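Below: one structure, written as structure tokens.
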Amino acid sequence: MTGPSQPTNQGPSYLSPRDPASYRAGFACVVGRPNAGKSTLVNALVGTKVAITSDRPQTTRHTVRGIVHREDAQLVLVDTPGLHRPRTLLGNRLNDLVMGTLAEVDVVGFCLPSDQKIGPGDEFIARTLAEIRTPVVALATKAHLVDSKRLVEHLIGIEQLGDFADIVPVSSLEDYQVDVVSDVLCSHLPVSPPLYPEGELTDEPDRVMVAELVREAALEGVRDELPHSLAVVVEEMNERPDRTPEQGPLLDVHVTVFVERQSQKAIVIGAKGARLRDVGSRSREGIEALLGTRVFLDLHVKVAKDWQRDPKQLQRLGF
Ligand SMILES: Nc1nc2c(ncn2[C@@H]2O[C@H](COP(=O)(O)OP(=O)(O)OP(=O)(O)O)[C@@H](O)[C@H]2O)c(=O)[nH]1
């Protein structure tokens, strides 16, 4: 969580790769339709919780990097918001971001959930990936959720979908073939010294992680249309002054949850504010665990009308 946020190619030898002549390092990007298992896979590869997962689609709005440190390679994973067809201005911006990322990385992992039939969303992504020169490894995610007959059917479907460098079935939660995915992705990286110091797991700023934790809590158990209408901004994070040593440090965190309509505000807040209190206490626990300090969380819900379509609002919300 701490340390330099820029990759460094020089400086002290954080790592002592066994054989510099064969040590590989580079970037991989994980794409796939919403809910395809991208974040879960990144977490499994890195071995710690870096991206936020939830049962709701499109929870990953920001590019989150996880870094896999191996004896023979360093794999910097860029988790994307999910490549999907642009519907709103926000969608367009996300897709620009995704396309830029795809062209820059060394290898792309394309997640296709085994428990779902290959559909128009996957075909759209496959066509997009066919336009870039980056090698693409197809990943049949959530393989343990289906029987072998269905898995074979799925693998055949994937083969017909595009020209992939490899196809690997994987179950991130069940720890099936996660190491194979790591091997295959690393095999596409260039020979290079490590790009980041050892021990660095993500260079995502704390604020973004905090916002994602609040967003995850605010989305829990609410209607399907709400995810698209919800943005979280961390307004301020300050250590409270004048704390005695007995009291210990306390971090004041001020967060605004933006929704598009008054009716959505009511959903987030709940009857007599009960739901918001619950969201607050759950996200506070997550933030305390993330930052390793006690936290006072000040949570507000505001209506920013049609923020998804308004460029000024988008800029303000950090997109
Ligand atoms: N059993 C099982 N469930 C999985 C596996 N991978 C993902 N899931 C579940 O599938 C759901 C979606 O996974 P995510 O990793 O959040 O999917 P995502 O592609 O990052 O989703 P977005 O951020 O919405 O684009 C979550 O409820 C996960 O727990 C797996 O290997 N096995």
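Even glycines carry a Cβ here, placed using N, Cα and C.
Annotated domain 'Era-type G' per TrEMBL: 24-191, in sequence order.
The GTP binding site annotation in TrEMBL covers 32-39, 79-83, 141-144.
Per TrEMBL, domain 'KH type-2' is recorded for 222-305.
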Fewest Cβ neighbours within 10 Å, where candidates are the binding-site residues Gly32, Asn35, Lys38, Ala143: Asn35
Three-state secondary structure, Ala143 (GTP binding site) (per DSSP): helix
Conformational class of Asn35 (GTP binding site) under the three-state DSSP mapping: coil
